[in-house]
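A quick write-up on the structure given underneath.
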Amino acid sequence: MLDAGGRILDMDSAFRSLTRAAPLPGRRLAQLLDWIPDTQPKAEVSVRHESIGGELEVMIRPLSPHLAPVCFTVTVRRVRTRQETLLTRQLQIARQTFDAFVDSSPVTILTLDPEMRVTMWNRAAEQMFGWTADEILGRPYPLVPTDEWKDFEKLYERVLDGKGFTGVEAWRKRKDGSPIRLRMHTAPMADGEGGVSGAMAILEDLTERDQLENQVRHSQKMEAVGRLAGGIAHDFNNLLTVIMGMCDLMELEDELAEQAFERVSEIRRVSDTARELVAQLMTFSRRQVMRGQIFDLNEHIRNSVRMLGRLISERIELALCLWESPLWIKTDPNQLDQILINLVVNASDAMPQGGRIELRTSQGRAPERLDSASEHHVLLEVADTGTGIPEDVLPHIFDPFFTTKKAGSGTGLGLANVYGIVEQSKGHVTVDSALGHGTCFCVFLPQQAAPRVVAGVGVGAAGEGGSERVLLVEDNDAVRRSTAKLLESMGYAVEVARDGAEAVEAFEGGLRVDLVLSDLSMPRMTGAELADYVREHYPELAIVLMSGNLDVADLKEEVEAGRMAFMQKPISLRSLSKTLRVALDGRGRQPSQLAG
C-alpha cells in the first residue's frame with residue numbers, strides 16, 4: 001500500500017516473493033522497484049516488467065479515488081513464466097525471420113485462408129501480378145480466370161483436405177488482365193489443432209521460360225539452316241572455281257574468236273553475280289571471319305541493294321540517299337551486311353501494309369558520349385515510315401533475346417547483333433522513334449582516310465606468275481584439274497595430291513617444292529593439319545590455304561602473323577597470281593631445283 005505521496009506503507013509476503021524486494025516502509029516505490037516510473041500517481045497505472053522469474057504486471061490503483069488524501073494499492077501478478085517469456089520471444093524472432101525471408105524472396109509466395117482470401121502477399125507477388133499487399137490482403141483470391149475457376153476449386157478442396165500438390169501448370173491473370181503461365185506448388189497450413197487453416201503457395205512464372213524455349217528452338221532451327229546454307233555455299237564455290245578458271249584459261253587463248261570471247265565474258269559476268277549471291281548466303285549463315293577492311297560505305301550499299309530488295313515486300317519502296325563523296329570506313333563488309341539486313345528487315349516488319357525505307361549516308365559528328373579516337377564519323381541512317389516503337393520498349397531493343405514479335409517470328413538477337421558489331425567497329429548506334437511516325441536507326445562509324453593506290457600492284461592476265469614449283473592439294477577432281485591448269489598457265493611447275501595424307505606421302509618420298517597450295521576441308525588430313533606438318537618439317541615453304549567456306553576463324557591468327565596466306569573460293573586467275581606471288585616473294589627464297 002502507498003500513501004498519497006507514493007511512499008510505501010506496507011507490503012505482504014506475496015509481493016516480496018514476486019518482486020524479491022525487502023520491506024522498506026517510508027521509501028518510494030520507485031526506489032524499491034527501479035523499473036517503476038517515479039511519478040506522483042493520480043490514476044490507475046499498469047506496468048509490465050520481465051524479471052528473472054518471468055514477466056510481471058504491476059497495477060497501481062487509488063484506494064478511494066473520490067476522497068482525499070488518496071492512498072494507493074499496488075498489486076503484482078506473474079503474467080508468464082520465464083520459460084513462457086523465452087518461448088514467446090523465440091516465436092516472435094522466428095516470425096520476424098520468416099516474414100523477412102518471405103518478403104525478400106525472389107520467388108512469389110502467398111497464403112490463403114479457408115475462404116480463399118489472401119492473407120500473405122510478398123514483394124515478388126507484387127512484381128509478378130501488379131497488386132500491392134495493401135490492395136490485396138483480405139480480399140478474395142483474384143488471379144484465377146473465369147474458365148479456370150472450377151479446376152482451381154477442386155485443387156483448393158484437395159489442399160483443405162490436407163493434401164498438397166506440386167508442379168501443376170495453369171494460366172492466371174495479372175492486375176492489368178494480361179495472362180501469365182505459372183507452375184504452382186501448394187501445401188496446407190496446419191491450425192495447431194489438427195485442422196487446416198489455409199494454404200501456402202509458391203508460384204513460378206513460366207512465361208519467360210516458354211519464350212526462351214521458343215527462342216532456343218528458333219535459334220537451333222536457324223543454326224541448322226545456316227549450316228545447310230554454308231554447306232551449299234561451299235560446294236557452289238567449288239563449282240564456280242572451275243567455271244571461272246575455265247573462263248580465265250579461254251580468255252588467254254590468242255586464237256579465240258571475238259564472238260566466243262564475248263560469250264566467255266558473259267559467263268564470267270554471270271559467275272561474278274553468282275559469287276556475290278554465295279557471299280550473301282554465307283553472310284546469312286553467319287559463317288564468316290571478322291576481317292576489318294577499309295572500303296567506301298556508299299559503294300557497299302549500292303552493291304547490296306539487290307540483296308536487300310529481296311528481303312522486303314514488293315509494297316515497300318527502298319530508296320537511297322547517299323553522300324556525294326566516298327565515305328571510307330573500316331569494318332568487316334560481311335558484318336556490315338548483317339547490320340543492313342537486320343535493320344532493313346526490322347523496318348519491313350514495321351510496315352505490313354507497305355511504306356518506304358530510306359538508306360541515308362552522310363558525314364556527321366558522333367554523340368559526345370562516344371569514346372573514339374576519330375574526330376570525324378560516318379553516319380548511316382535506316383529510316384522507315386512504319387508504326388514506330390513504344391517508348392517503354394526503346395530502352396530494351398538492343399537487349400539479347402528481347403523481341404516484341406510473335407513466338408517463332410524472331411530470335412530477339414537481330415538488334416543485339418547490330419549493337420555488338422557496331423561496338424566492335426568502335427562506333428555507336430542510336431534510335432529515334434515515335435508511335436505512328438516511323439523509326440530511324442543511326443549508326444556512327446569512325447571515318448577513315450582514303451586508301452592509297454599503289455602503282456604497279458595490278459596483276460596482268462598471266463604476267464605475274466613464276467617458275468617455282470607448287471604442290472596443289474585438292475580433293476575435288478574438277479577443282480584440282482582447273483586450278484592446276486591455271487598454275488601451269490602462269491609458268492609454275494605443278495605437283496598434285498588428292499588430300500593432306502597423300503601430300504605427306506609425297507614429301508616423305510622426297511618431293512621438294514617452294515609452295516603448298518591446299519584446300520582446307522579434305523578427308524583423312526585437313527589443310528590445317530597439313531600446314532602444321534609442313535611448318536614443322538619444312539619451315540622454309542610458303543603455305544596458302546583455300547576454302548569455299550568462310551568459317552575459318554581458327555586460321556585468323558596464322559594469317560595475320562604472316563605464317564600462311566588464305567584464299568576464298570571461287571578463285572580467279574588474278575587473285576591466284578597475286579596471292580602466290582606475295583607468298584613466295586615474302587619468303588625471299590630462290591626457286592627450288594626440279595627433281596628428275
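Positions of Cβ are set from backbone N, Cα and C atoms, glycine also.
Note: TrEMBL annotation is automatic and uncurated.
Summarising the annotation, TrEMBL assigns domain 'PAS' to 94-163.
The domain 'PAC' annotation in TrEMBL covers 166-218.
The domain 'Histidine kinase' feature in TrEMBL is assigned to 231-449.
What TrEMBL records for 469-584 is domain 'Response regulatory'. Across the domain 'Response regulatory' (469-584), the prediction's mean pLDDT works out to 88.
The 4-aspartylphosphate annotation in TrEMBL covers ASP519. Secondary structure at ASP519 (4-aspartylphosphate), taken from DSSP and collapsed to helix, strand or coil, is strand.
Under a cutoff of 8 A between CB atoms, and with a sequence separation of 6+ in the same chain, the neighbours of ASP519 (4-aspartylphosphate) are VAL473, GLU474, ASP475, ASN476, VAL479, GLY527, LEU545, MET546, SER547.
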